[in-house]
Amino acid sequence: MRNRVKELRARHDWNQTELAKRAGMSRQTISLIERNEYMPSILIAMKLARVFEEPVESIFMFDEEELR
Amino acid sequence: MKKYTRSFVLGGVGGFLIAVFLLAQEIELPFDTKIEWLVGGSVAVAAAVFGIAFVRLQRLKKAVATKGMQVEEDERDRWIAIQSSHIADWLMGGLITSLFTFGVSAMYYEWTPTWLIFGLGAYFLFQLVYIRVAMKQLLLLSHPDIDIPEDLNVLPLMDEGEKFVMYEGMMKAYQVMSQLLLLSIILTIMYGAWTNTTQLFPILLMSFIYLIGHGAYQKTYRHLQY
């Protein structure tokens, strides 16, 4: 799975701490997601989608092989 | 001199001085037996480890308070988290070392009350109290925005990412510690058979510690499940 969290965060000119506060989660969780070391739950994904004002599927993208 | 080398040397010097003071009361220098060397060395190591943990914690608090780090907030938070983790490791190492030191000296002197055993027992109890104080300070440094509970149980306050990291670390630490403990039990049994001596007490004690550790791990694991 890939995600655009870091890209969207940079677009809004937020650091991880600021994004974490806006999304209601820890900076550590943001860092794990950006480094693809952790697959977030639906709740976390929805929170990030709301903060970035983008659909969840445009932020978190699966490869075709993973969806089979 | 690098700052960590300096703190290590400071801890080592402090530990050596404390060891000499304690042991001069009970053991005539130079040490005559290997066990006396072991006790002396253990005292020095225990004091050195505590010294390192204490110095590093004070340095971290000073760095955070003065905001001397000219880095981005993310890098600063990450640095604090890493330093806190290292300091927590040193604190646990100091606690284990002090317990080992107390145990070895007590067995050497066959539990006869001496100032050395009392001193080392008191030092272990001090470590138990200090580690709690230090852990609260570390939590305040790494999580300045949350209210730390009195029992230091921050698991309910963690989000899933933090629980994930803690779970990963806990798994590795538990596996290493449980394997070391089991190896110690096996070696103790073999030692008892080799020397034809009863090692029932240490085996029972280590088995009890293993069960307690396993129970604590299971309890924390259930909290971390998400």
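Backbone N, Cα and C atoms are what each Cβ position is placed from, and that goes for glycine too.
A TrEMBL annotation is a machine prediction, not a hand-curated record.
Annotated features in TrEMBL:
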- B:7-25: transmembrane segment (TRANSMEM)
- B:37-57: transmembrane segment (TRANSMEM)
- B:87-109: transmembrane segment (TRANSMEM)
- B:115-133: transmembrane segment (TRANSMEM)
- B:173-194: transmembrane segment (TRANSMEM)
- B:200-217: transmembrane segment (TRANSMEM)
| note | In the same chain, residues at least 6 away from the ends of the transmembrane segment (B:87-109) whose Cβ sits under 8 Å of its Cβ atoms read 35-36, 38-39, 42-43, 45-46, 49-50, 52-53, 56-57, 60, 116-117, 120-121, 123-124, 127-128, 130-131, 134-135, 138
| query | Other than its close neighbours in sequence, what residues sit by the transmembrane segment (B:200-217), given a CB gap under 8 Å and a spacing of at least six beyond its ends? | reply | 170, 174, 177-178, 181-182, 184-185, 188-189, 192
